[in-house]
Amino acid sequence: MTSASASLERFAANKLAGLDRRNLRRRTRETRPLGGALVERDGRQLVNACSNDYLGLSQHPAVIEAAAAAARQFGAGSGASRLVTGGHPLLFELEARLAAFKGTEDCLVFGSGYLANLAITPALVGSGDIIFVDTLAHACLHAGARLSGARVEVFPHNDMAALEAMLKTLRPVHRHAMILTDGVFSMDGDLAPLPDMMALAQTHDAWTLIDDAHGIGVIGGGHGSTHAFQPSVVPPLQMGTLSKALGSYGGYVCASRDVCDLLRTRARPLVFTTALPPASIGAALAALDLIEQDSALRERPMDLARRFCRTLGLAEPNSPIVPIIIGDESAALSASAELEDAGFLVTAIRPPTVPRRTARLRITFNAAHSEADIDRLATTLKSILQTAEAAE
């Protein structure tokens, strides 16, 4: 079938050619989960070392059965926005459970973590307000900030002195202010300095939104990055996902009852999106049960990350995310291909996901990995890096 728009085809072809020249074209490849940390690609079995399924719960029998039971009881889909048809009982149960788990009055579940961050900020601030966002915060935090219509100022990564200077200068001339950051940064694995940030927010009357997508389940006893500090902190807006450590799908924000009520009316990605299917909610509830009950499960990804870093002589990790910075995009792709040849799935992460000249292997640790998997990954990667260095 021939496209009706030749100019569109030329545009796409030219853009793709440019991406190819810079080793930046993205491709998707069929990959079949085999259970645990194993996947199959092109007929070969690989150890998956790049998934965000940190606790392996997407493959846990209890989580799978809970998803199936919810679908049998409530159906395959939700049919409409919650504001049109209401929500099934499991959805309200999950929101109450998440609020209690995160130490807030209320919670609101969205269709995904990305949608949650597109929803929260534009519902709370706009023209005449100002947003301060960490330069390495997730793309959806930046997107939500831009959508709001507020002034957006980007501060250097985790630089509280720079943030303080910006707050002192700019906060007094704006009506409301927000500070946006990841709790655990998805590409670097480091944590935001939340106590210092919260102190600045208190001093300058700024509302702090923490994206804890990569914290819940594995950091701070499972409660997330807010509990990684002593004492723990309670930001007014705690966002997260159901799709990583919880092994399901969806996003949420935990906040006060009034703030959540306001979002129910003003958050467009909630108002105008069909609610999550029952299976996703049932799976998330079962996953939350396991996280609350099993401390060994929660701690295993960090234990494996530490083991890996010790073998390679790397610094102590802050999270189950360990980046190996390669720099050059072509070299990162080559290292990823060599790991795949050796039986490991570790995708090369390239711009614009990460800054230019910081292409990397983003290695993540899963409770389903064995110690033997991690030891072999470390020794294989060490050999690949040494060979590449010798060839320079």
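Please read every residue number as a count from 1 along the shown chain.
Cβ from N, Cα, C; glycine included.
Sequence annotations record features per position, and here Swiss-Prot assigns substrate binding site to R26, H138, T353 based on sequence analysis. Mapped onto three states, the DSSP output places R26 (substrate binding site) in coil. Taking all protein chains in view, 7 other C-beta atoms sit within 10 angstroms of the C-beta of R26 (substrate binding site).
Per Swiss-Prot, pyridoxal 5'-phosphate binding site is recorded for G113, Y114, S186, H214, T241, and the stated evidence type is sequence analysis. Taking Cβ-Cβ distances under 8 Å and a sequence gap of 6 or more within the same chain, the neighbours of G113 (pyridoxal 5'-phosphate binding site) are C140, D211, A213, M239, G240, T241, S243, G250, G251. Secondary structure from DSSP puts G113 (pyridoxal 5'-phosphate binding site) in a helix.
When other Cβ atoms within 10 Å of the Cβ of K244 (N6-(pyridoxal phosphate)lysine) are tallied across all protein chains shown, the result is 27. As annotated by Swiss-Prot, N6-(pyridoxal phosphate)lysine applies to K244.
Comparing C-alpha positions, T353 (substrate binding site) sits nearest to S186 among the recorded positions S186, H214, K244. Ranking the recorded positions R26, H138, K244 by the distance of their Cα atoms from the Cα of H214 (pyridoxal 5'-phosphate binding site) places K244 first. The recorded positions close to S186 (pyridoxal 5'-phosphate binding site), defined as a CA atom within 10 A of its CA, are H138 out of R26, H138, K244. Fewest other C-beta atoms within 10 Å: among the binding-site residues S186, T241, T353, that description fits T353.
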